[in-house]
Amino acid sequence: MVDLESEVPPLPPRYRFRDLLLGDQGWQNDDRVQVEFYMNENTFKERLKLFFIKNQRSSLRIRLFNFSLKLLSCLLYIIRVLLENPSQGNEWSHIFWVNRSLPLWGLQVSVALISLFETILLGYLSYKGNIWEQILRIPFILEIINAVPFIISIFWPSLRNLFVPVFLNCWLAKHALENMINDLHRAIQRTQSAMFNQVLILISTLLCLIFTCICGIQHLERIGKKLNLFDSLYFCIVTFSTVGFGDVTPETWSSKLFVVAMICVALVVLPIQFEQLAYLWMERQKSGGNYSRHRAQTEKHVVLCVSSLKIDLLMDFLNEFYAHPRLQDYYVVILCPTEMDVQVRRVLQIPMWSQRVIYLQGSALKDQDLLRAKMDDAEACFILSSRCEVDRTSSDHQTILRAWAVKDFAPNCPLYVQILKPENKFHIKFADHVVCEEEFKYAMLALNCICPATSTLITLLVHTSRGQEGQQSPEQWQKMYGRCSGNEVYHIVLEESTFFAEYEGKSFTYASFHAHKKFGVCLIGVRREDNKNILLNPGPRCIMNATDICFYINITKEENSAFKNQDQQKKSNVSRSFYHGPSRLPVHSIIASMGTVAIDLQDTSCRSTSGPTLSLPTEGSKEIRRPSIAPVLEVADTSSIQTCDLLSDQSEDETTPDEEISSNLEYAKGYPPYSPYIGSSPTFCHLLHEKVPFCCLRLDKSCQHNYYEDAKAYGFKNKLIIVAAETAGNGLYNFIVPLRAYYRPKKELNPIVLLLDNPPDMHFLDAICWFPMVYYMVGSIDNLDDLLRCGVTFAANMVVVDKESTMSAEEDYMADAKTIVNVQTLFRLFSSLSIITELTHPANMRFMQFRAKDCYSLALSKLEKKEREKGSNLAFMFRLPFAAGRVFSISMLDTLLYQSFVKDYMISITRLLLGLDTTPGSGFLCSMKITEDDLWIRTYARLYQKLCSSTGDVPIGIYRTESQKLTTSESREIASQSQISISVEEWEDTKDCKEQGHHRSNHRNSTSSDQSDHPLLRRKSMQWARRLSRKGPKHSGKTAEKITQQRLNLYRRSERQELAELVNNRMKHLGLSTAGYDEMNDHQSTLSYILINPSPDTRLELNDVVYLIRPDPLAYLPNSEPSRKNSICNTTGQDSREETQL
């Protein structure tokens, strides 16, 4: 074996230990060569060039020195003229020779020497191989003319009094000033200075022309009128201003020729300068100016970054932003990469906005533009996405880059970002406030299906209003609706509040009820000092602390409210302070709080909160005493908290034991094991023990697991909820989650059918396969067959989502055209179907369920125009589809982001109301319906007390439906349309009683045919057809009568019957049962609206839907947090004990 050590070569001598300690001594013997770089800059010429030209600061100093020399030479010329005595005579020698003192000559020679030396040096340094280019430059020629004669006079003393046109140095000073400004901009890195440069050049050119003319006229008139400098100035101003008084005129031909030459120069030079200035001014108007640093440091401003600015977006932002009193002194700087729109320019010229809004054309990705907007000094930056683009993902990517650029440039500037797709939200999680459009949209549309008009409720809450809309209307519902629309969410610290300070140490439900009864405010949530999370209705066990932040709904915030009867209020506070019992009120306090309501402290039976009504006592108890309401306790008693109501499922309570076992095996409660995107908030939901195979999710296709091919075959117990969308985006996941939340009773779960234009991907199917009764079908609302297959005939709600492919159109407001027409077709075919539509533009809401001859809608249109003229931000609120919650535009939620600048809690509260976030201990939004059994409660205040004392629910508003009052002409038209299908014989029999049925007839869903619009013509045609049938030949009487009768039946058939026959024929063709479809009447004779936080004495009416914030059922469970966490990983095989608790 070879010795490995012998093969290792020895170290060279230079790597010995001594060399390592003492250093390498043998580098001189190496072949290495030391190379020096940039040797060309070490020459004398390059060093001079670096000092005089290349270096910005030293070059600026040289330019400033040169500029000062030129001004000094001009000043010396003026001094020489003022010191000179005018000589007598008209000899031409006076033109060529002047009187110059020796000290003055010495100064001028010194200035000439320095100037000439500097000019030659700079010419040498800037020499590029062409000597004539340097010599024939105008500044070099002027320098030679003004400096060389003085230098020659040093060697030839007789030439010391030679006239030298030193005043031409003003043009050299102008040239030095331009170079100096350029170097100044390079040194301080100032941008966008073209306008300043051009103005400076124009002013300096004008001054040089005037100064040259003054000095030239004065010198040439030495042989004429002997004008002084002031007379020459007067003559030049009068001449250049084209006034020409004629009192001062040149006499010599030389001076006249000089004036002509100067006027020609002025006519050539000045228009060029003005043209360049005008061009730069127009360009600056297009791109906007600068927001000066001085203004940014002394004033407050916010920056709005958008990719394209539309007039609707601008007005929504400005109206909502400046609706708050403390923001009146703020300025809005708009940073947009596109040129200002004509409509936007017209609006920004209005004095109210021109003094507040500054438009800058630029990009947020450029630091120069961010510097122009003074982003680092801004109070906030709003970054909005362009929702009208076809590729919404690309729009989100642009928004993300803008957010990153702003955060990199101004790390301390608060960011308010609007994003479209939920999967892109985690890229901007560093932003202070984020609103994801599709998250809010789908969650709101989902809640619309179980809590009617939730979209209208949220829209009114996030809009700033004073509640003055509709107060001049003659109709009572518009006054109530408009006044209640002014309610907003406000906050205040409990110990600083007049509303809530007296409830310190009391339960939340006690404070909420009594604050509403006493002040009319609705306390909906709190935030603890040691917790950042907001809790909506934390329940009766939550005790109010002095440092709690209270969130309440009211017309205005407490700081802007005035209180009357303060003495009575103080007395009541003193009387209440005598008792501090832990659980019960004294008798006199109970009576004072109850008013005329009877007291029933014994009625503590467990009532079902999941039901839609408030139960009454039994029949036997009705005979003994009238229904009563228990008082709201100051501090909740453990025995009085009805945990059975909050945790039990009504569907489980009402089923038989066998059905209960089967239902428990079918559903479980837990967190969804799979989320389609990063950043989705986990929600406790009803889930399946095992996920459904993808083939079973297809509604209209049979597979090996089931053989159903339409919705009717499944035999669902509850009506369907159909969602018509273009694609199954990740945002659609937020539509399913609120409808499958754990607090929804199993018996009330509606099947969900997704009607998609494009097949969903596996990523989305993985997310929805764990939810019960969720299906999809590939089809379109344009196709009647697809609608019938997905079960539209027995659906409870039809949600039509705006399609991304139609959001952009050549004409902006035409983006909703296809959606509106499709929904109108649905409305005609299935008039009893509740259709909830999303539109791109709120202005298009007036076309929903459109009736051309509906006088009531026309009256509402006039009311909308009046409210818009008054400056209302909610002019569209009186449109019936919006008031009823049947139409919604996501752009109406833009104000949520704007309000967050003043109310930083609004996004969190909205997410809790919509179920997008689930905070432990926080309640959820639900609703209950007032039936005949509930009318004994009578008023909203008694309902408030009933809910707070029994279930701990907090009501926040009412959804009311009432009959629509029709005018006489409308009722006649409706009656004429409803009687089209009456036969001729019946028409004659009912001719006398027709007028009696006008007010009882129902208005049809669609307009009648053309002839039905003219009842008189139709009646005459019927009579003519009848007479014609009676005069037929006798030999074929039966046949003729049969044919005529068939023709009359076809003629008398209404449009409603034609549509019904069309649907029935298609259902028969598809093999579907027609039992579920009948001729459905619409609800034209009714109108619906929302009353947010109505007054306590508001009377309850039949079919009122009350919005409730119900406490979290899991908040009353011991160790609820561990059970929640355990259920995340055990959704498929949960412990039976945990299922029993939940």
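From the backbone N, Cα and C atoms, a Cβ is placed for every residue, glycine too.
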Feature transmembrane segment in TrEMBL, mapped to one of the ranges 103-127, 303-327, 878-902: 103-127
Candidates 64-83, 103-127, 139-159, 258-281; stretch with most C-beta pairs under 8 Å toward the transmembrane segment (199-217): 258-281
Residues of the parent chain within Cβ reach of the transmembrane segment (103-127), under 8 Å, 6 or more residues beyond its termini: 45, 48-49, 52-53, 62, 66, 69-70, 72-73, 76, 79-80, 83, 134, 139-140, 143-144, 146-148, 150-151, 153-154, 160, 164, 166
Chain residues outside the transmembrane segment (64-83) and at least six past its termini with a C-beta under 8 angstroms from it: 98, 100-101, 104, 107-108, 111-112, 114-115, 118, 146, 166-167, 169-170, 172-173, 176-177, 180, 211, 215, 218-219, 229
